[in-house]
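Positions annotated as L-tryptophan binding site by TrEMBL: 104. If you look up TrEMBL, you'll see 118, 208, 210, 275, 277, 279, 368, 433, 437 marked as dimethylallyl diphosphate binding site.
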C-alpha cells in the first residue's frame with residue numbers, strides 16, 4: 001500500500017470496468033482533524049481555541065511527539081484547558097505571565113531525553129473576579145475536581161489537601177480582604193493557585209500544583225517566612241527533607257528572600273515521591289545575585305555547585321544579560337499593570353526555585369532568567385550558541401527554525417515577547433536542564 005509524503009493512505013476503488021484502482025487520500029494532521037470535527041460548546045471556547053491551539057500543536061510537533069500523543073494532548077487541550085480560560089476577550093488578567101494570559105507553554109530541553117512540552121494554567125470562569133467568586137476559589141476547586149476524575153496514573157491529592165488547608169485564606173480572611181478593598185484593581189493578584197502539566201511521551205500526564213501565599217499574607221498580616229515555617233517543617237519531616245528545608249529557610253530568611261509573591265509547588269503523587277518547591281525573586285538582577293542564589297549564599301558547596309555556576313556565567317554572557325539594580329527595575333512587589341504599554345516596558349525579576357526532594361540533604365536550585373523585552377532573534381541565536389556549548393548540537397542547529405515555525409506569522413527579528421524566560425538547572429547525574437517559556441496566545445494582550 002502506497003503512503004504519500006503526508007501519511008496519506010492508498011484507497012481502493014473499482015473502475016467502471018471492474019478493475020481495482022488506487023487513489024491517494026491525504027490525511028489531516030491532528031490539529032486539522034480536531035479543528036474540523038470538534039464542536040466547541042460556546043463562542044468563547046472557539047475564540048480561545050483559535051488563539052492558542054494552533055501554537056500548542058506546533059509545540060508538540062517541534063518536540064517530535066508522535067501522532068498518537070499529539071491527538072491525546074490536543075484532546076486534553078480542547079476538553080480541559082481551553083474551557084478553563086474563561087470569557088473571550090479576557091476579563092480576568094492573570095499575573096502568571098508577563099502578558100496577562102492565564103496560560104503558559106514551555107519546552108524542556110535535556111541532552112539525554114526527549115523534549116517535553118509543559119502547560120501551566122490559572123483556571124478562569126465567568127464568575128472569576130465577581131462577587132460570587134472574587135478570588136477564584138470556586139473556579140479553582142471545580143477545575144481540580146475535574147482533573148482528579150481523569151484517573152491519571154499515580155495521581156494523589158494528599159499534598160494538595162495539606163498545603164491548601166495550610167495556605168489558602170479562610171472564609172473569614174476572604175471577607176476581611178474584600179472589606180479592605182483588595183482585588184478591585186485589575187492588576188492585583190487574586191487567584192491563590194495554578195496548575196502545571198508535563199506532557200510525557202507515551203501519553204502520561206503529570207500534574208503540579210502551585211499555591212501563592214500573597215492572599216494569606218495580606219489577610220493575616222503575617223510575614224511570609226512565618227506563614228511557611230511551621231507547616232513546611234511538619235511536612236518536610238514526613239518527606240525526609242528537613243535538612244534541605246533548614247538550609248533554604250535560613251538563607252531566605254536572612255537574605256530577605258521571602259517576598260509577598262513567594263509561592264510553592266508540588267507534584268500530585270504520593271508525598272514520599274513528590275518534590276516540594278519554593279519560589280522567590282529579586283529585582284537585583286546581576287550575575288553576583290544569581291551565583292549567590294545558586295549556592296544559597298555559600299551554604300551549599302561542592303563540584304556540582306561549581307559546575308552549575310560555570311553554566312550560569314556562560315548563559316549570562318551568551319544572552320548578553322545586563323545587571324539591573326532596584327533603582328532601575330520595577331520592584332517585584334509592584335502589582336501587574338494591565339496597561340499594554342506598561343507591559344512592554346515591564347522588567348521581570350530574576351526568579352528561582354529551591355527544590356526539596358525526599359532523602360536529599362540540600363535544595364536543588366533552578367534559576368529563571370528574564371528575556372521578556374529582549375529581541376527574540378538575538379535570544380534564539382544566543383540559545384543556539386549555549387546549546388553548542390553544552391554539546392547539544394542537534395538542538396543548537398534546529399532552535400532558530402523551531403522558533404520561526406512556532407510563530408510563522410511573526411518576524412522574529414522584530415519581536416520581543418515570544419520568549420519570556422529561560423530556566424537553568426543542573427545536577428551531576430542528569431547534567432543541564434533548560435526550559436524556554438513562550439508566549440502562549442497568537443495575539444498580545
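Any Cβ shown, glycine's included, is placed from N, Cα and C.
Nobody curates TrEMBL annotations by hand; they come from automatic prediction.
Positions of the features from TrEMBL, shown on the structure.
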residue: 104; record: L-tryptophan binding site; CB count, 10 Å: 23
residue: 118; record: dimethylallyl diphosphate binding site; CB count, 10 Å: 18
residue: 210; record: dimethylallyl diphosphate binding site; CB count, 10 Å: 21
residue: 277; record: dimethylallyl diphosphate binding site; CB count, 10 Å: 21
residue: 368; record: dimethylallyl diphosphate binding site; CB count, 10 Å: 20
residue: 437; record: dimethylallyl diphosphate binding site; CB count, 10 Å: 22
Most distant Cα pair in Å, residues 118, 208, 210, 275, 277, 279, 368, 433, 437 binding dimethylallyl diphosphate: 21
Cα-to-Cα gap, residue 368 (dimethylallyl diphosphate binding site) vs the residue listed as 'L-tryptophan binding site', nearest whole Å: 14
10 Å Cα neighbourhood of residue 104 (L-tryptophan binding site): matching binding-site residues from 210, 277, 437: 437
